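Here is the structure we will look at.
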């Protein structure tokens, strides 16, 4: 095997691009909120002096004004719960006890907004530290490490409070050695939505006793989120899960009502994040970022459904105040007035003053401007509070006015702090862009590529177009297909005309399978219709059609790669194994209750189980290797076609059932393109567009929320992060890889080279976009997720390029002959 100078150069420059991307990511994303300070009781304001000229400051009795006002705190986190689960009749009918408490004003329900990324680990940080975690925590969510910042967990332990925890083991990783009793459950095995919650609830029998020694009990339930990943909020499993959560709330409330203590206990039910309309989370749609905060005090009128909106970080200072704990030093949250009802007016005013002073300290350290309107309210609040304290008969109305001034100051300073958390190393960002631009010099045709993809590239400068990128690509492809229909018809090539018309119909079908983007958010897609339980027969028919189409597609591709077209025993064995693997796919979907049970099910499930799928697929790998070795001629076509078939079969297992037709449509489209002898640049651009189009067809988008992690757990009986990662990656980027394989099947090294250049061009332009828009309002919700996707696409293309270069060398393909043509 011998690598040529051109192939080595391509690999080297591709490696440089990967390095440039990593450099850009390191410079763009803030990798740490380096605040190691911790609050102490000494941070409580002891005096109030409106200005340095006041000779007589007011001295606070902090022990009287700042003390514990609740007996015990139960924090019940329901992973993935949405605000509309409490508000919409479609869902809240399954939570009658909780809804009655809200309607009778015996509890409060707050509309709570969370920041992106909407994944568990950064949201737990927000709930405990009061800070907005860095966007890069989205990646770190897979491997949580101990929180280094001040938090309510740290403050509770420092005050000798007994904290217990049951549920998602992310808490144990974030706060090691903080709980006197605990039982952690892995959050990544999403196929389990029953035992994962039963393992939490089983501890309640012992903990809900008067003799229990805890002060704070944290329960983190995962089952509802797992159901959302598998079937979305309208899954037929959701009603029972909501009812289960409601019963647990009732159980805890009954325990609180039976308590005999001077102070009431408090139950707080909240979501760490919400859920997309199509299931999953991670993005910034309404369903993902708006969650409930349900609060219950024993024998207290709370106010029912509260108008307005609070931030998730507001939980931290509020819980600190009612527990009599110092507010964590890095907190950016504001007090929630309704939850302070157990405090008298003097205690509430002091709490607001303390919260404002704590926020002001951070605001001042980050060089916040003092001439803002909210800072005038801050100064006015201090003067007014001082005067109120001096008066003997100060009115409640005056106190409420002071609170409103403090709230205005808190809102302004908090918003500034949230925006200032992001840190950018502009020098590294510029260096990475320069390095990427230099890489483009390796192919002068990149300027033609830029012209051909100008509209697509320019769309990267708009947040709205990034969110709806798929729409632009759909229109580009539809226009291209329409031109081909016209050209074929003019040339009187009616067979080709018919094929392009069929292709347009199939693509329209694929487009309607999954609606993505904000424009179609919440709309009922064709895939949603197929997933309805009463449409299971239609889903089964679609699955059968898809499997048969895949079967004949695999045979057709395998035959296309053979130099000798004659049938032999090996061919028949391979075809039989194709059919076997696809039967296993159908039976797996029967086991997951997504398609109808076939005749003879009890026997079929023993024969076509997932274990036999694995064995059969690896047998196919072996037989295909033998097939390549036996035939010395046409090794390149044979090898690439075999890779295509093996990837299609693996994707058939990982794809959602309603997407089962996508591989056959993809192959039909790629073969249709090959009928025309276009130049390499044109072919590369077309295949690049198709790779993105099919990426979107299967339900992916530029939002992290559409990342489907369910395929990672197919066939797993326990959580294995390596296998899960491989499955998720294959499911997400399998279609682009298939299309790239079709590109290099004919275009070989030249197509690969231009593909790399096209990918590098888009990446370079987007890096420039990020540099220009790093202060944009949607930098974290829109631009940053797209940056992660582009970087991942770049890495994937590099890995693909390296493998193809090696395969070209093994097959003895001459690059020089290509360049001489």
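Backbone N, Cα and C define each Cβ position, glycine as well.
Curation does not apply to TrEMBL; its annotations are automatic.
Per TrEMBL, transmembrane segment is recorded for 12-33 (among others).
According to TrEMBL, the domain 'GPI ethanolamine phosphate transferase 2 C-terminal' annotation covers 427-799.
For 538-558 (among others), the entry in TrEMBL reads transmembrane segment. Residues 530-531, 571, 574-575, 578-579, 582-583, 585-586, 589, 594-596, 641-642, 644-645, 648-649, 652, 657-658, 660-661, 663-664, 667-668 of the same chain, all 6+ positions outside the transmembrane segment (538-558), place their C-beta atoms under 8 angstroms from a C-beta of that stretch.
The transmembrane segment feature in TrEMBL is assigned to 570-588 (among others).
Sequence-distant contacts of the transmembrane segment (608-630), counting only residues of its own chain at least 6 positions beyond either end whose CB sits under 8 Å from a CB of the stretch, comprise 562, 570, 573-574, 577-578, 580-581, 583-588, 638-639, 642, 645-646, 649-650, 653, 714-715. As annotated by TrEMBL, transmembrane segment applies to 608-630 (among others).
If one looks beyond the transmembrane segment (636-656) by at least 6 residues along the same chain, the residues whose Cβ comes under 8 Å of a Cβ in the stretch are 527, 546-547, 550, 553-554, 557-558, 560-563, 578, 581-582, 584-585, 588, 613, 617, 620-621, 624, 627-628, 662-663, 667, 698-699, 708, 710-711, 714, 727, 730-731, 734-735, 737-738, 741-742, 744-745, 748, 807-808, 810-811, 813. The transmembrane segment annotation in TrEMBL covers 636-656 (among others).
If you look up TrEMBL, you'll see 677-697 (among others) marked as transmembrane segment.
As annotated by TrEMBL, transmembrane segment applies to 722-743 (among others).
Sequence annotations record features per position, and here TrEMBL assigns transmembrane segment to 764-783 (among others).
The feature transmembrane segment is assigned by TrEMBL to 789-815 (among others).
For the domain 'GPI ethanolamine phosphate transferase 2 C-terminal' (427-799), the mean pLDDT of the prediction comes to 85.
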